[in-house]
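Per Swiss-Prot, the features are as follows:
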- 15-25: motif ''HIGH' region' (MOTIF)
- Cys146, Cys149, Cys159, Cys162: Zn(2+) binding site (BINDING)
- 332-336: motif ''KMSKS' region' (MOTIF)
- Lys335: ATP binding site (BINDING)
Amino acid sequence: MTTEKRQILVTAALPYANGPIHLGHMVEHIQADIWVRFQRLKGNDCLFICGEDAHGTAIMITAQKQGLPPEALVAKMHKEHARDLGGFLIEYDNFYTTHSPENRELAELIYTRLKDKGDIFAKTISQAYDPVKEIFLPDRFIRGTCPRCGAKDQYGDVCEVCGATYSPTELIDPVSALSGAKPIEKNSEHFFFSLNRYTQLLKKWIDAGHLQPQVANKLKEWFSEDLKPWDISRDAPYFGFEIPHAANKYFYVWLDAPIGYMASLKNLSKQRPSVNFDAYWKEGSQTELYHFVGKDIVYFHALFWPAMLSGAGFRLPTAIYVHGYLTVNGQKMSKSRGTFITAHHYLDHLSPEYLRYYYAAKLSAQVEDIDLNLDDFIQRVNADLIGKYVNLASRCAGFITKNFGGKLANELPELDLYESFLQTEQTITDYYESLNYSKAVRVIMSLADRANQYIDAKKPWALAKEINQEAQVQAVCTQGLNLFKILTTYLKPILPVTAKKVEQFLNCDELNFANLKTPLLDHSVNPFEPLMQRLLPETAAQLTHE
């Protein structure tokens with residue numbers, strides 16, 4: 001019986017083009033990449049897209065400070081971000097940019113459709129203005145006290161403590177982040193999206209299970225009051241797309257940023273004719289669409305975005321998967337403590353697969369923060385990957401190469417043990433599918449323990465010294481390497497480079513779930529090369545000091 005291939009589109013949140021990617025960003029990109037690789041390993045068609053979030057006053061000001069046009073800054077950061085994501089083995093089909101003709105075209109299309117439906121209206125508002133810099137202040141360039149929970153030093157549009165969104169004029173004791181001056185009020189006409197028109201649609205969509213229960217419950221709190229209209233415009237000077245037929249008005253970065261997912265696929269469809277844009281985005285599409293995002297941008301993705309898509313006649317996401325923040329050694333990342341670790345700095349010192357594994361061992365389907373404890377990181381990598389997983393192969397491979405010319409036995413001596421490893425496939429794939437990677441890793445490592453216990457019990461090193469035990473040595477090591485093959489298939493979404501090395505060592509086809517059950521018997525393997533290096537205690541110091 002053949003199961004029909006699923007057609008899946010996966011996105012990760014777009015990194016912002018005014019700073020480097022750090023290990024906090026990597027939680028999401030690794031989480032999404034593991035899921036995509038798992039789907040492909042299962043034989044599903046899975047496209048994976050992302051891109052540079054390129055617009056906003058922050059980009060404009062950063063570019064000015066660096067003496068660059070905004071376009072040049074975006075191009076530079078796009079190159080750096082693509083390098084770092086690639087370094088962590090994040091396998092995007094397209095890593096594009098929101099500053100693109102496709103994104104402009106789609107933003108204008110969605111805006112025009114919403115306007116034609118009567119969902120857009122103009123209103124004169126009082127806005128924060130920096131009298132020193134002579135610029136309207138974007139939300140992120142105003143700091144003050146949250147009007148909802150009273151947390152100090154919060155952004156002008158969203159509170160990182162309670163998650164409230166608000167307008168900058170509601171902030172208590174605001175100051176300009178550009179000059180330190182107290183902003184003055186200045187009137188300006190802005191365009192608003194009538195989000196409240198979509199209240200029932202959003203309630204129904206949230207109730208239908210498209211979000212984790214924690215996220216859905218949090219969002220339902222916002223419906224206790226009417227949803228407020230969303231300000232989708234900004235005044236010049238601004239780096240972004242001009243609003244059609246509105247002089248000196250630009251789309252707010254959060255309007256065109258999620259449309260960047262669509263633009264990235266549209267651009268990919270031009271490069272790859274087999275990719276049909278409408279098949280993934282048209283209303284009523286039978287394909288699957290998943291967004292991986294952090295908990296700080298849930299409001300934009302789970303309220304504004306579905307409403308915009310619905311109003312403009314596009315499909316809604318199948319699910320939005322939300323993750324928590326990263327802490328390092330139990331605390332928020334900090335430059336002064338040396339725990340603000342950029343992706344590039346990490347890659348200068350260590351294999352990306354160590355961090356991919358450590359994150360996988362911590363990630364669940366819950367919206368929980370995860371902690372990168374550097375001592376635990378070293379211990380976990382050494383104990384699990386080196387001590388259990390790689391050790392299994394290195395204990396068996398030498399005998400096969402040296403004593404049997406690389407030839408495996410023609411049968412397995414312990415078929416029941418082999419079958420028991422195969423019987424965990426459904427459990428492990430269910431854990432991957434549901435984003436419970438930590439549970440998958442736990443099962444896989446318990447299998448690695450059992451495989452090593454088998455080798456410990458059979459003692460091929462002792463058998464090799466006995467007379468007439470050659471066949472038994474070959475059989476035991478063949479069993480061990482076939483168990484190692486199963487473990488590698490299970491770990492392949494997390495450790496893609498190591499899996500490739502194992503395929504070369506085992507001299508076999510690409511490992512996947514379709515060929516999982518087939519053992520390698522009467523088969524020649526290549527000489528074993530070391531797969532990973534043990535981490536030294538000074539690793540933590542290398543990562544936390546430039």
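Heads up, the Cβ atoms here are built off N, Cα and C, so glycines get one too.
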Spatial separation of the residue listed as 'ATP binding site' from Cys159 (Zn(2+) binding site) - C-alpha basis, Å: 22
Take the C-alpha atoms of Cys162 (Zn(2+) binding site) and the residue listed as 'ATP binding site' and report the distance between them in angstrom, rounded. 24
Sorted by sequence, non-Cys146, Cys149, Cys159, Cys162 residues with Cβ within 8 Å of centre, Zn(2+): Pro147, Arg148, Gly150, Ala151, Gln154, Glu160, Val161, Gly163, Ala164
For Lys335 (ATP binding site) and Cys149 (Zn(2+) binding site), what Cα-Cα distance in Å is obtained after rounding to a whole number? 27
Going by DSSP assignments with H, G and I as helix and E and B as strand, what are the residue counts for the motif ''KMSKS' region' (332-336)? 0 helix, 1 strand, 4 coil
Residue distribution over DSSP helix, strand and coil in the motif ''HIGH' region' (15-25): 3 helix, 2 strand, 6 coil
Same-chain residues six or more away whose CB lies under 8 A from the CB of Cys146 (Zn(2+) binding site)? Lys152, Gln154, Cys159, Val161, Cys162, Ala164, Tyr166, Leu171, Ile172
Within 10 angstroms of the C-beta of Cys149 (Zn(2+) binding site), the count of other C-beta atoms across all shown chains comes to 12
Least surrounded, by Cβ count within 10 Å, of the binding-site residues Cys159, Cys162 is Cys162
Near the residue listed as 'ATP binding site', how many other Cβ atoms are within 10 Å of its Cβ? 8
